[in-house]
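Here the structure comes first, spelled out in structure tokens, and everything after it is commentary.
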């Protein structure tokens, strides 16, 4: 086996262990924020939505800068620094008794993510061969789901005793992850050339097709982020106990572990990436619309199952499509910019979702936020369909001219 092949094989295992620690550390804390501050402390959902949206926007919106810096200086220093900053943010959350302190903790957490997330994504693109990426992203999603439910179960158990225990466990896991990267991650370059920061960012901004695709995905993310805000609140309201939230993540884990890889393997043989992304988004959108009308936990979990199935279909295709569109000369910059859709969609989804949830509750129209999210998903579906049809038309024109 050549040294390159050996490095790729070892890199896969490194990426899987690193991903497990990151997801565990995140899901021990974040799914319980809305339960802690909305249900236990009585804050308005929009206040918590601002905090979650701030974290999302900072982490993903500034991702292009983190990616461009990583293109210049390498992945290792960015990842280690970002992990430690995320740990500090989670620790601060444990003493948040005023909204501004929660916002500050989410700001720290987001800045940490800005540093470590783009280079980690770029390492996947660097180490995994193009024909294997779809399956590897599926494996990562399966691991995400299993780690998420373990993290949520651990966090829910700790919440029974003290929220500060929740906010101590998350930082410990991120410090462990920082040490793991500092010890084992080689000083790899992310791009084929050492790209100056400004050049990497400029290269991305000139790629109009990639920019349009990323910005359109904001609508997709408005729906996706509700697993952190409105869906846990809804499950808690219907069940009458925060412990029911862990079953929501258990459903996701079961579906991902049993369906994700088989669906990905089958669909990649029969459907284009664009079609898989759009089909998943359509299922997610349609499953959102009736959520506000249900009153039983069984009905709610059925809709959540449909939502997760849509995500299982869409997410590996979205990741693979984003990676395939990235320029190898500026991988970090591309993968950083690819998070901008999540920054915009996540911020609007959290803040707007929280505001609509409060508005629907006060107006006795609980279906309002869910119908709006479903409509946004349908419009995003149509916009993506138009973009992909334009791309196919341009390809046919080039083939005819040739």
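Including glycine, each Cβ sits where the backbone N, Cα and C put it.
Keep in mind the model is a prediction, meaning the values are calculated, not measured.
Annotated features, as they stand in Swiss-Prot:
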TOPO_DOM  1-12  topological domain 'Cytoplasmic'
TRANSMEM  13-33  transmembrane segment
TOPO_DOM  34-98  topological domain 'Periplasmic'
TRANSMEM  99-116  transmembrane segment
TOPO_DOM  117-138  topological domain 'Cytoplasmic'
TRANSMEM  139-159  transmembrane segment
TOPO_DOM  160-164  topological domain 'Periplasmic'
TRANSMEM  165-185  transmembrane segment
TOPO_DOM  186-213  topological domain 'Cytoplasmic'
TRANSMEM  214-234  transmembrane segment
TOPO_DOM  235-243  topological domain 'Periplasmic'
TRANSMEM  244-264  transmembrane segment
TOPO_DOM  265-276  topological domain 'Cytoplasmic'
TRANSMEM  277-297  transmembrane segment
TRANSMEM  300-320  transmembrane segment
TOPO_DOM  321-339  topological domain 'Cytoplasmic'
TRANSMEM  340-360  transmembrane segment
TOPO_DOM  361-367  topological domain 'Periplasmic'
TRANSMEM  368-388  transmembrane segment
TOPO_DOM  389-402  topological domain 'Cytoplasmic'
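Contact check: the transmembrane segment (139-159) against the transmembrane segment (165-185) gives at least three Cβ pairs closer than 8 Å, residues 6 or more apart, which meets the contact criterion. Sequence-distant neighbours of the transmembrane segment (214-234) (same chain, 6+ residues past either end, Cβ-Cβ under 8 Å): 30-35, 38-39, 45, 48-49, 52, 56, 245, 248, 252, 281, 284-285, 288, 291, 300, 304, 307, 311, 314, 318, 322, 337-338, 340-342, 344-346, 348-350, 352-354, 357, 369-370, 373, 376-377, 379-380, 383-384, 387. Within the same chain, residues 220, 223-224, 226, 231, 234-235, 238-239, 244, 271, 303-304, 306-307, 309-315, 317-318, 321, 360, 365-371, 373-378, 380-381, 384-385, 388 sit at least 6 positions outside the transmembrane segment (277-297) and bring their C-beta atoms closer than 8 Å to a C-beta of that stretch. Only residues 6 or more beyond the boundaries of the topological domain 'Periplasmic' (235-243), in the same chain, are considered here, and those with a CB under 8 A from a CB of the stretch are 32, 35, 39-40, 156, 159, 294-297, 300, 304.
Under the criterion of 3 or more C-beta pairs below 8 Å, with sequence separation of 6 or more, the transmembrane segment (340-360) and the transmembrane segment (300-320) do not qualify as touching, having fewer than 3 such pairs. Beyond its flanks by at least six residues, the transmembrane segment (244-264) meets 27, 31-32, 35, 134-135, 137-139, 141-142, 144-146, 148-149, 152-153, 156, 227, 231-232, 235-236, 238, 297, 301, 304-305, 308-309, 312-313, 316 of its own chain at Cβ-Cβ distances under 8 Å.
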